[in-house]
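S.K.: Below are the features listed in TrEMBL for this protein:
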- 12-28: transmembrane segment (TRANSMEM)
- 19-260: domain 'G-protein coupled receptors family 1 profile' (DOMAIN)
- 35-54: transmembrane segment (TRANSMEM)
- 88-114: transmembrane segment (TRANSMEM)
- 126-148: transmembrane segment (TRANSMEM)
- 154-178: transmembrane segment (TRANSMEM)
- 199-221: transmembrane segment (TRANSMEM)
- 241-262: transmembrane segment (TRANSMEM)
Amino acid sequence: QVVVPEEVFFTVAAAGILENLLVLIAVIRNKNLHLPMYFFICSLAISDMLGSLYKTLENIFIILCKMGYLTHRGDFEKKLDDAMDSMFILSLLGSIFSLLAIAADRYITIFYALRYHNIMTVRRALVILAIIWTFCAGSSIAIALFSYEAATVIPFTILFPLMMFFILCLYVHMFLLARSHAKKIASLPTSTVHQRTNMKGAITLTIFLGVFLCCWAPFVLHILLARFCPHNPYCACYMSIFHVNGTLIMCNAIIDPMIFAFRSPELRSTFKKMFC
């Protein structure tokens, strides 16, 4: 096993939780950020926080097991393990559906710019988020409780690549049609500025998607290999870097807020006011 030092785990996890908490506080404090786009970003930040919290608690319980305070096969430990698995799945599903909501929001912004505020109202954004988190919470509990059944495991393993493929197709469609759409509204006042802003938002979210894939895909692959070929020597070789893959998940929680702060002038301004 390739072991990552516990100090590294706790440092990366704490940094991820703190950064995403700052994003949430910034959006709450600045009324100019009370927009559907930033609500979806807050949803992604909550998902990242859950991922970091999951790895932190998991590490604490492993340390307690090593010290003899917890056993590996007790009823309490089994329930604890199910709760941890549920938190992990909730973080994964929350991230996927938050990215999907952000992608859909950017799509509407680019291709229905003049009607965006009528289509994507704050109330509708909140309803969408309520539906997303209700579905994710129910799914995470069901998958954690019945993960031993192939009928539950297989849909979960299919969901990740399917949703990522859908989001990728959405982005490709946006970039292919953005120029033709820009020409159609070029005669309207401030259309060039709006188009640049919208495309900048699409590029930012493409970066989000790339970071998400790089950080989460290795861990999802580990789950697939552990389920379908646990005794294969090549699979066992890959699964030896389990701790590295877990660290990558927590790195995602650190990188996302940095992208927010770097790409959003409004957030940068809010952070400056908070710290100064």
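Backbone N, Cα and C atoms are what each Cβ position is placed from, and that goes for glycine too.
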S.K.: Looking at the stretches 12-28, 35-54, 88-114, 126-148, 154-178, which one shares the most CB pairs under 8 Å with the transmembrane segment (241-262)?
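M.R.: Most Cβ pairs under 8 Å with the transmembrane segment (241-262) come from 12-28.
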S.K.: Under 8 Å for C-beta pairs, could you tell me which stretch among 12-28, 35-54, 126-148 has the largest tally with the transmembrane segment (88-114)?
M.R.: 35-54
S.K.: On the 0 to 100 pLDDT scale, where does the domain 'G-protein coupled receptors family 1 profile' (19-260) sit on average?
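M.R.: The average pLDDT of the model in the domain 'G-protein coupled receptors family 1 profile' (19-260) works out to 80.
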S.K.: Sequence-remote contacts (6 or more beyond its ends) of the transmembrane segment (12-28), Cβ cut-off under 8 Å?
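M.R.: Distant contacts of the transmembrane segment (12-28): 34, 38-39, 41-42, 45-46, 48-49, 51-53, 55-56, 59, 247, 250-254, 256-258, 260, 267, 270-271, 274.
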